[in-house]
Amino acid sequence: MAAGEQVSNMFDTILVLDFGSQYSHLITRRLREFNIYAEMLPCTQKISELGWTPKGVILSGGPYSVYAEDAPHVDHAIFDLNVPILGICYGMQELAWINGKQVGRGDKREYGPATLKVIDDSNSLFKGMNDSTVWMSHGDKLHGLPTGYKTIATSDNSPYCGIVHETKPIYGIQFHPEVTHSTQGKTLLKNFAVDLCHAKQNWTMENFIDTEINRIRKLVGPTAEVIGAVSGGVDSTVASKLMTEAIGDRFHAILVDNGVLRLNEAANVKKTLVEGLGINLMVVDASEEFLSKLKGVTDPEKKRKIIGNTFIHVFEREAEKIKPKDGKEIQFLLQGTLYPDVIESISFKGPSQTIKTHHNVGGLLENMKLKLIEPLRELFKDEVRHLGELLGIPHDLVWRHPFPGPGIAIRVLGEVTKEQVEIARKADNIYIEEIKKAGLYNQISQAFACLLPVKSVGVMGDQRTYDQVIALRAIETTDFMTADWFPFEHSFLKKVASRIVNEVDGVARVTYDITSKPPATVEWE
């Protein structure tokens, strides 16, 4: 958050209390799609410590049983807010448990599609809805109506699929409206937020720009200066442009060329940010320093840590060279944190097990005694992209595929050398170039080439060769939690493979990775 004033105090907000469901973040996403601001907090949130009043409250699903000894329960103060409440799956069972304990194990678990039968279509929650497919994911069920409630919807296995309090705007549903499998789920969520909570649909990036610029100016004040690392990716570019709009040249961006960036990346980023966007940028070539520390290292986790630690060292050293004018002082560090990062840190089930170390600049705060400023921390990725376009950032940059913090170092499997990096980045450049020529770039979520630590026999002209292997990867995904490989035409892969083998010295063979996530991860390392 950029300044002391919370976004939830500036826009009508729906509070989503998370009981640990894998779908909880989708509730927030769906409401944002209707231009309604929604904020997710753990189910243990004390209402007295909230600091703002929501227009409505949604209780998410969760993997627990409400009757278990260690089951999480909501602060009963939500009922004193006198705002509409919607319980989803576990959230409905929580409402029932509080009002009569009519919850227990079901005769059979219910996972997958079911048919919702609306029996009271006069109720505003189901306005515009009829019998439809909904997504179930529960083992417990209501064994009777909680005190003061009536039934408004059923399914074949759930006689209490939808319930409502007879005198208060408190609703419960057994299914998950937030997932796409519930065909009219979006309608239900909109009915709740707009018709029942009367939340204004004014959460737009157009409104956010002015609000956030004012917050930044209040926080930074008229004299303090800000530094931040940029990578050429959408998050750091949007954050940097927003900061520049707010405080001008008092923001200092630093691009560290670590020797494992994409082909011509440093030069291209400098041209875009300085000439195109007017960002005050320093480019530091530390490629030899990074590559020397990576010499002989093959373990991917060690690569990530070496690059992360070296980055902090280089960034600190270069930041000390910045001398603000008129006795001004650098007091803040800009970071492009997004809302999914915030959700992961505050989710009731806590941060998930670390599969790979993520590259960030968290260590800089303690070392440099700076305060953190995160202007994008309330935004999802799609909102950041929209914001970037409104700020005049080129379309190609705004919709660029993700690139890992450790860069090509984790796309060169095995030891990272200057020569190996060059092979990988040239192959990657050809691959992305052909994807764009074919008009496929925006259909693919992420694509890249990586260099394998094996050699293969080949024939070039009349000569036998024994060179390296490139693996191509392209995936489709909506959330990067799961992903499927992209089904290229064979003719496209043939063209890319031919170009790479003929134009990149040291490559004898090209393969295409057709592994989904899971079991594989998106990156090879």
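Numbers here mean position along the shown chain, with the first residue as 1.
Cβ atoms here come from the backbone N, Cα and C positions, even for glycine.
The model shown is predicted, which means the values in this text are computed figures rather than measured ones.
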(message) Among K200, K241, K271, K371, which is the one flagged in Swiss-Prot as ubiquitin cross-link?
(response) K241
(message) By the record in Swiss-Prot, which of K369, K426, K455 is the one labelled ubiquitin cross-link?
(response) K426
(request) Out of G232, K426, K517, E523, point to the one nearest C89 (active site, nucleophile) in space (Cα versus Cα); all of them are recorded positions in the record. (result) K517
(message) What does the structure give for the C-alpha distance between R304 (XMP binding site) and S236 (ATP binding site)? Integer Å is fine.
(response) 19
(request) List the residues of the same chain that sit at least 6 positions away from G233 (ATP binding site) in sequence and have their Cβ under 8 Å from its Cβ, in sequence order, or write 'none'. (result) R400, P402, F403
(message) On the three-state reduction of DSSP, what should I expect for K517 (XMP binding site)?
(response) strand
(message) What's the number of neighbouring CB atoms sitting within 10 A of the CB on E523 (XMP binding site)?
(response) 17
(message) Quick check on the recorded positions E178, D235: which one has the highest count of other Cβ atoms within 10 Å of its Cβ?
(response) E178
(message) Rank the recorded positions H176, K241, R304, K426, K517 by how many other Cβ atoms lie within 10 Å of each Cβ and give me the one with the fewest.
(response) K517
(message) With an 8 Å cut-off on Cβ distance to the S231, G232, G233, V234, D235, S236, T237 Cβ center, who else from the chain surrounds the ATP site?
(response) V230, V238, G336, L397, R400
